[in-house]
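Student: Structure below; questions to follow.
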Amino acid sequence: MKSPTTLAIFSVVAFSLLECALSQQTSGTPTEVGTFESQPTLTGSSGSATATTSTSTVTNASKSTDTIAPSSTFTSSSVTTTTSTTSSALTLPTVGSRYLDQRCGADIGSCAPGLCCSRNGYCGYTSDHCGAGCQNTFGGCDDGVEASVYTACQVPGTFAITFDDGPSVLTSGLIDYLDRVGVKATFFMNGYNWKNQGTGNPINTIYELSDVVRKAYASGHQICSHTWSHVNLITVNEYNVTYEMSKLNRAFANILGVVPTCMRPPYGDTDSNSRKVLKRMGYTVVTWNVNPVDWTPANSIDEKYLEYTYQTGNTSPLEGQFIALNHDVWNSTADFRFPNYPKTLPLAQRAIEYLKCRGWRLVSLPTCLGQQPYYRSPNPSDESCGDSCLV
């Protein structure tokens, strides 16, 4: 016999699906789901808490990118600082620019955009490079500007489905499902998947699943950074922030031939110093405002699914602006490897069917934020700071 709690959850789930189906019958033509955003040509080698932000720290139960294009100020409460209203692509440096860890100064040259020339003549992103003694003739210096943190879509009526912590052995099947139902998602990827750390799992880094990264990119899904090793950015110094981002940039450059300019900080945490580094590196930082807490094994798929209905059910699909946090490393969320097994549908499928039924326009991050795809060409800075950053 099922417990009263189980029966109650089943009743709520069944009612939500029935309510959605009835509303769909009377709502006219369904809202188009999924908009394909063209990607740069792939040239790489084979191989539940609503998010809150402040000017100092973004704190979340789990998991943040900015452009260097001309900017204006949003009045939306879902953006914490100044953010760009134009393309997110980085301005490519002029010929002769100096890059991360390279020397700069008189008779040497100036640092590329975003980089500061330190007192001792090295290009970098930290306060040691951009603070006291910074040579503003040969690069930028600390202007106090931090990366903006988006917690919600900026285009009314859009809903961005995002997945953190991959790629994993589940990601390929998830991509196949998303492609079948016409949904473009966003993948915030790690270089060294945190679930594999210390386990002896042969799939140690993003390179072992480079074909999956290319598959997601070629299918039109947005790829973003989630740091190399899933480190909490408020617990490390600016050199470590630079290292975590640069090392993953190098992997993306090798695998895709492009580098994403969007990122989400693990656990949603940033502080002023890390946001300054991310700003200088050209990132747009994105968290979320829908959290089904799918990373909690104690919760059933029904309970995780109900979080979607609780957190979005009272909002009109014509006006709402949601970014949902999911993880493609959990079987309960993203295991599509075995058709018809398990009999319980993965959370990703149940949530998407519910949101489509309600008429939401499911899009990837650039469409959600009203931007172009978040990619730039690789540059020599992506090959630097592998072991240490010079000052």
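Including glycine, each Cβ sits where the backbone N, Cα and C put it.
Keep in mind that TrEMBL annotations are predicted by a computer and have not been checked by a curator.
Among the features that TrEMBL reports, signal peptide is placed at 1-23. TrEMBL lists 27-81 with the feature region 'Disordered'. The compositional bias 'Polar residues' annotation in TrEMBL covers 27-40. Sequence annotations record features per position, and here TrEMBL assigns compositional bias 'Low complexity' to 41-81. Sequence annotations record features per position, and here TrEMBL assigns domain 'Chitin-binding type-1' to 101-143. Feature annotation from TrEMBL assigns disulfide bond to C111-C123, C116-C130. The domain 'NodB homology' annotation in TrEMBL covers 157-363.
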Student: Taking only the Cα atoms, work out how far C116 (disulfide bond) lies from C123 (disulfide bond), in Å, as a whole number.
Tutor: 5
Student: In which DSSP state, out of helix, strand and coil, do we find C130 (disulfide bond)?
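Tutor: Reduced to three states, the DSSP call for C130 (disulfide bond) is helix.
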Student: For the domain 'Chitin-binding type-1' (101-143), what does DSSP give as the number of helix, strand and coil residues?
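Tutor: Once the DSSP states are binned, the domain 'Chitin-binding type-1' (101-143) shows 4 helix, 10 strand, 29 coil.
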Student: At the level of the C-alpha atoms, what whole-angstrom distance separates C130 (disulfide bond) and C123 (disulfide bond)?
Tutor: 9
Student: Same chain only, sequence gap of 6 or more: which residues have a CB within under 8 Å of the CB of C123 (disulfide bond)?
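Tutor: Looking at Cβ-Cβ distances below 8 Å from C123 (disulfide bond), excluding near sequence neighbours, one finds R98, Y99, L100, D101, Q102, R103, C104, C111, A112, L115, C116, C117, H129, G139.
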